[in-house]
Amino acid sequence: MKKDTGFDSKIEKLARTTASKTGRRGFIGRLGGFLVGSALLPLLPVDRRSRLGGEVQAATTGNLTRSGFKPQDKDPKACEYWRHCTIDGNLCDCCGGTLTSCPPGSSLSPSSWVASCYNPGDQQTYLIAYRDCCGKQTCGRCNCVNTQGELPVYRPEFNNDIVWCFGADNDAMTYHCTISPIVGKAS
């Protein structure tokens with residue numbers, strides 16, 4: 001039999017050398033670690049400032065919270081009202097509702113997302129449970145995009161980019177506006 005010195009013999013020699021120096025368990029362990037790491041990759045935090053508009057994007061440069069947010073306790077229809085520190089949507093105050101109730105013709109979603117907001121009036125921090133009002137067309141007035149304390153989608157209870165209308169009465173999946181009731185003191 002003639003000795004082959006070509007490509008096949010080099011690959012065979014490499015395979016035999018690798019097999020003699022490494023174990024199957026080590027390979028399977030590394031492969032398992034790679035697969036688990038690949039599966040966990042989507043759970044890493046994501047910087048989503050690039051999808052925001054120009055002025056909003058410029059306001060968030062260098063920080064994930066909105067730069068210059070000064071909470072006030074005078075006008076509940078303003079985006080800077082202290083309860084709206086992490087709201088992303090239309091204020092129900094401007095759409096026929098109140099801070100704690102939906103406008104007529106819309107229904108309250110059973111789901112909520114939470115945030116802690118600072119009230120400059122009494123210098124306390126409160127837990128706010130934002131809830132969407134659903135079932136009517138989007139109000140379109142008093143639209144606020146506040147991202148203070150918002151976390152990526154893998155922590156949905158602290159994310160304000162999700163439309164929380166699933167589970168609303170009568171399959172009312174259309175977002176209308178958002179209320180911001182106080183749950184209690186945060187500290």
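The backbone N, Cα and C atoms fix where each Cβ goes, glycine too.
Keep in mind it's a predicted model, so treat the numbers as computed, not measured.
Counting only same-chain residues six or more apart in sequence, the Cβ atoms lying under 8 angstroms from the Cβ of C79 (disulfide bond) belong to I87, L91, C142, C144, N146. If you look up Swiss-Prot, you'll see C79-C144 (among others) marked as disulfide bond.
Under DSSP, C117 (disulfide bond) is assigned to a strand (E or B) in the three-state scheme. Sequence annotations record features per position, and here Swiss-Prot assigns disulfide bond to C85-C117 (among others).
Under the heading disulfide bond, Swiss-Prot lists C92-C177 (among others), citing similarity to another entry as support. DSSP assigns C92 (disulfide bond) to a helical segment in the three-state reduction.
When secondary structure is read from DSSP and collapsed to three states, C142 (disulfide bond) falls in the coil class. Summarising the annotation, Swiss-Prot assigns disulfide bond to C94-C142 (among others) and lists similarity to another entry as the type of evidence.
In the three-state DSSP classification, C133 (disulfide bond) falls within a strand. If you look up Swiss-Prot, you'll see C102-C133 (among others) marked as disulfide bond.
Taken from Swiss-Prot, the feature disulfide bond applies to C134-C165 (among others). Here the Cβ of C134 (disulfide bond) has 25 other Cβ atoms within 10 Å, regardless of which shown protein chain they belong to.
Feature annotation from Swiss-Prot assigns tryptophylquinone to W113.
Annotation comment: Swiss-Prot describes 1-57 as signal peptide.
Cα proximity to C94 (disulfide bond) (within 10 Å) is found for the following recorded positions from C85, W113, C165, C177: C177. Listed in sequence order, the disulfide-bonded residues near C102 (disulfide bond) (C-alpha within 10 Å of its C-alpha) are C92, C177, out of C92, C117, C165, C177. In the structure as shown, the Cβ atom of C94 (disulfide bond) sits within 10 Å of 18 other Cβ atoms. Proximity to C92 (disulfide bond), defined by a C-alpha to C-alpha distance within 10 angstroms, is shown by none of the recorded positions C85, W113, C117, C134, C165.
Within 10 Å of the C-beta of C85 (disulfide bond) we count 27 further C-beta atoms, all protein chains included.
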